[in-house]
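The Zn(2+) 1 binding site annotation in Swiss-Prot covers CYS60, CYS62, CYS75, CYS78. For ASP450, ASP452, ASP454, the entry in Swiss-Prot reads Mg(2+) binding site, with the evidence type sequence analysis. Under the heading Zn(2+) 2 binding site, Swiss-Prot lists CYS795, CYS869, CYS876, CYS879, citing sequence analysis as support.
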Amino acid sequence: MFELNNFDALQIGLASPEKIREWSRGEVKKPETINYRTLKPERDGLFCERIFGPMKDWECHCGKYKRIRYKGIVCDRCGVEVTKAKVRRERMGHIELAAPVSHIWYFKGIPSRMGLILDMSPRALEKVLYFASYVVLDPKETPLLKKQLLNEKEYRESIDKYGDDSFVAAMGAEAVKTLLDEIDLEQSSIELKEELKTSTGQKKIRIIRRLEVVESFRKSGNRPDWMVIDVIPVIPPDLRPMVQLDGGRFATSDLNDLYRRVINRNNRLKKLLDLGAPDIIVRNEKRMLQEAVDALIDNGRRGRPVTGPGNRPLKSLSDMLKGKQGRFRQNLLGKRVDYSGRSVIVVGPELKMYQCGLPKEMALELFKPFVMKKLVQNGLAHNIKSAKRMVERVQPQVWDVLEEVISDHPVLLNRAPTLHRLGIQAFQPVLVEGRAIKLHPLVCTAYNADFDGDQMAVHVPLSVEAQAEARFLMLAAHNILKPSDGKPVSVPTQDMVLGSYYLTMDKDGVKGEGKVFSCPEEVLMAYQCKAVDIHAKIKVRLKKVIDGETIERIIETTPGKIIFNESIPQDLGYIDRTVPENKLKLEVDFLVSKKTLGGIINRCYMKHGATKTSIMLDKIKAKGYHYSTIGAITISTSDMVVPEAKRELLQNTEKQVEKIQKMYRRGFISEEERYEKVIDLWTKTTEDVANALMGSLDSFNPIYMMADSGARGSKSQIKQLAGMRGLMANPSGKIIELPIKASFREGLDVLEYFISTHGARKGNADTALKTADSGYLTRRLVDVSQDVIVRQEDCGTEEGYEVSEIKEGNEVIEPLVERLSGRYPSEDIIHPTTGEVIVKRNTYMNEDIAKKVSDAGIKKVKIRSVFTCKSKHGVCARCYGMNMATSQKIHIGEAVGIVAAQSIGEPGTQLTMRTFHTGGVAGADITQGLPRVEELFEARKPKGLAIVSEVSGTVKMEETKKKRTIIVVTDDGEEVSYDIPFGSRIKVKNGDIISAGDEITEGSINPHDILRIKGVDGVKNYLLSEVQKVYRLQGVDINDKHLEVVIRQMTRKIKIEDSGDTELLPGTMIDVFDFEEANREILEKGGEPAVGRIALLGITKAALATDSFLSAASFQETTRVLTDAAIKGKIDPLLGLKENVIIGKLIPAGTGMTRYRSIQINTDDENIEEDSMDSIEV
């Protein structure tokens, strides 16, 4: 039985005229739409009820048959079938054309498919199709050539010269159709393959492109002459509706106008042909028909687009699919859903971490069907209808039922933009008064939400499965770690940090200092009776039973620390409990700041799991808010103390600057040096003022406390408040040498204020641009990696990928421990001195083991990596390693591709947009920040290219007046010389030994050069460390494996150089695994294998080169992708996420995987009874 949504693959192809007639329910003969008086569709028109079905349910056009009892009857008067009006969304019609026309996609696309298969230039083809030239179809005995073009004059002359029937020439799509009909694909294929063996250069490229099209037609069973259309399908009328506006006017879809033009011209052409009109008139009419059909299929592709009122181009069928507003992205990938609402958010500090406050009226509307069902169940309403009435009238008993319904029904909260998967989380709703959603303060970081008017959307998971997944996988209390680097995301911020910081401070000489208390409870009592200050250094006797023996100790602490430690588990490993005197010490015996809080949460999560951590977080939150209120930490101008030393420092610097100016005026130093020196001086002074300021601030100064605890603000901001603002940059990024000497406390003068606004304005403009760029980068990353899912446990590869720490200059950017933890080594790791095996191959390394390896002094380790994974689709769990979001091993079915794309894209907005200008005129600008990441992922030739050595050897430098040359001498004495342009900085010294692919000058390397010199492993390594450098320098941690996933997708295709005995075509791109498989088969038969080179594709190209045409078409260049796919008769295997979302199937990841869907649960009654008996005995 054929089920509509139960299929494994989807094929696309060209539609033959027979197929189009088969789809159709009748021919549309008239351009009329709806009768303006009766408002009923005209017969045989574009909205005809006989063809497309009735406008009203169960009612024919003339009204003879009304009601459902006549279902399926075709009215004998008007010929309309009595059925649902919904069929007008699926029934198609057709238009029989009086003359064939070409399909513009196949004629005009790049490369022109029609041109390639006919071996005619698109220009020549255009002349024929649009009736400007004749093409010779059959030269017979004449010296004319087949497919030769003749203009009107030449045609006349040829006829005069050779006689009327001596040759056949024609124009228009009919001529092209005849030519296409004559093509013998098998023969063409053989001939082209023969030609390919001997040809070179441009000719070879052309033959390869022709061969590709010929092979596509040959293998797919599409016929070339189907690229010329005899019949045009008319899409169902409800997909191109016509609606009446209030003024009696009609609003209609543009498609109706385009169809009308086609029908009008077609009917006129029929009439002219019947009348036997002169050739020139008929020809003109055919050309107009061709243009009308072009406009219908793809308006604006050729010539000027057809415009509607107000000079707006009409939206053609292609435009309906293309772009953000097209069918793919607007309706198939982003649908609006029912059971959803949105409202403003307010903070809910009293909530538990898994709760959110839902406004009553919103909850009632969202859970309406559930409430109605419950009302009937509880006997408060007799039937669903009366229950609905009760809900709509909001009768008092409804509220109790609503409470009951939502008690264990999670809801999903989402804040746009959803940059990573923590942008949607599940919560247990709590009904609140008012109309605002209440959000727990600790999930704000994940959502990037604040309460200045942000709005959030609520969605209700309906099915039991959806509710279970929401509760177990998406509950906010479970999402404590960031998927990008495995660090906690639910870290207390602002007031909570400030309260905890205040609580754990100590102060000398306050009330109660030095007192000794008998137990913690007594301390709290004394604090509540105001007998002891919260920061007083006191001693407390603690008692605890450990392993059956009671231990007593007196410890030194403060009341605040005792209060704070109540909410912290006392086994997080901050204190070495093996030492007897430490047995009862408080776990957190230090000043708590935002950073240390993150550490506490991380340790708690690793030790006790999510549930306990979320309970601890709630306690910290409550205490933090309470004590930041009690501490009454406020901010005032008197807290901003301008340091005494400032005036003196400024005067000294001004004197030195004057000295430098003098030297410049006397010509001792150049303009460049003067500028550099002045900048250096002022930078140092700003630092000195800042240090003087920090030294003069009291540790209980509120502003200092806020910055030091990490609650709000930073040292640099304090510096601006009370020190000096320092140097500013102008909009182009150059530093202005006049510093701002004032601080905000003293106030800026006019010039200083003006200079300040420069930078601020630039910052705002940058941010706006950056958001869009970052969003687009994320979209491309998602598209390139969306089908990477963990599909198997172990791919069984023996290969490994060698990792060492990543350095920039002398600074370690990513240490070895970070690159090793959560991975499997691909070979035994042996201690360099003792020779013992630290880790066996294929054993999981957690952070402790990774530390052990690093401490043993090992510098390079081979690990299992996504790069070397042999899974054909997706990756295997061993090569991927640890799931960063849970710090457990990854499960099969995890959509690691999407997670990777989100982890790289989400911090995109934090990266800078700047291009750094190096001093000096010819110095290359090094791109950094977001543009650099984009440049790497798109595998573009970078700005500021470095010169790279092609060979390994020793460096020899030669410098003449005209140029500098570096010569690399290889081991066998061969010399390769490189000319160095002036202004670029040389990285190597005389006598250095360098290897192939090393930089000679500073700058960025073209990744394609690295691929050529160092091979595919070299380029993978380069891309990985370069992207990491950009992110790490901005203080963003991303785990390597996310980058590996994307880079692997960029290096998956092989460009075929020689096809050997395989079916593969030279010059085409093919997946690495398909390539290996094809070669394996040929070798088994004893043939010659194909030869190919790995190609490095940018993410846009890689996303378009995917096997799935649905995914590619919904990404970019929709028409090109579909044209190509149709000719090849491509089959989409529906392996990725996007394709399945588009056709409305469950995604093949997580619980949507077949292995989870096909689990059978046995429920034999006997077994259940026995089981229950057993459990009772226990």
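One-based numbering along the chain as shown.
From the backbone N, Cα and C atoms, a Cβ is placed for every residue, glycine too.
Structure with Swiss-Prot features highlighted.
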residue	record	Cβ neighbours (10 Å)
CYS60	Zn(2+) 1 binding site	24
CYS62	Zn(2+) 1 binding site	14
CYS75	Zn(2+) 1 binding site	20
CYS78	Zn(2+) 1 binding site	16
ASP450	Mg(2+) binding site	10
ASP452	Mg(2+) binding site	5
ASP454	Mg(2+) binding site	17
CYS795	Zn(2+) 2 binding site	18
CYS869	Zn(2+) 2 binding site	25
CYS879	Zn(2+) 2 binding site	30
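For CYS876 (Zn(2+) 2 binding site), the count of additional Cβ atoms within 10 Å of its Cβ stands at 21 [all protein chains shown]. Under the three-state DSSP scheme, ASP454 (Mg(2+) binding site) falls in the coil class. What surrounds the Mg(2+) site, by Cβ distance within 8 Å of the Cβ centroid and not counting ASP450, ASP452, ASP454, is the set ILE345, ALA449, PHE451, GLY453 from the same chain. Checked against ASP450 (Mg(2+) binding site), the binding-site residues CYS62, CYS75, CYS795, CYS879 differ in C-alpha distance, with CYS879 being the nearest. Between the C-alpha atoms of CYS879 (Zn(2+) 2 binding site) and ASP454 (Mg(2+) binding site), the distance comes to 41 Å. Nearest by CA distance to CYS795 (Zn(2+) 2 binding site), out of the binding-site residues CYS60, ASP452, ASP454, is ASP454. Compute the center of the Cβ atoms of CYS795, CYS869, CYS876, CYS879, which mark the site for Zn(2+) 2; besides them, the chain residues with Cβ within 8 Å of that center are GLN792, ASP794, THR797, ARG864, VAL866, THR868, LYS870, SER871, VAL875, ALA877, ARG878, TYR880. Straight-line distance linking the Cα atoms of ASP452 (Mg(2+) binding site) and CYS876 (Zn(2+) 2 binding site), rounded to a whole number, equals 44 Å.
CYS78 (Zn(2+) 1 binding site) and ASP454 (Mg(2+) binding site) have their C-alpha atoms 57 Å apart, to the nearest angstrom.
In this structure, the CA atom of CYS75 (Zn(2+) 1 binding site) is 57 Å away from the CA atom of ASP454 (Mg(2+) binding site). Annotated pair CYS60 (Zn(2+) 1 binding site) and ASP454 (Mg(2+) binding site), C-alpha to C-alpha distance, rounded: 52 Å. It is 40 Å from the Cα atom of ASP454 (Mg(2+) binding site) to that of CYS876 (Zn(2+) 2 binding site).
For the pair CYS62 (Zn(2+) 1 binding site) and CYS876 (Zn(2+) 2 binding site), the C-alpha distance works out to 64 angstrom. Listed in sequence order, the residues GLU49, HIS61, GLY63, LYS64, TYR65, ASP76, ARG77, GLY79, VAL80 complete the 8 Å Cβ shell around the Zn(2+) 1 site centroid, once CYS60, CYS62, CYS75, CYS78 themselves are left out. In the three-state DSSP assignment, the secondary structure recorded for CYS876 (Zn(2+) 2 binding site) is strand.
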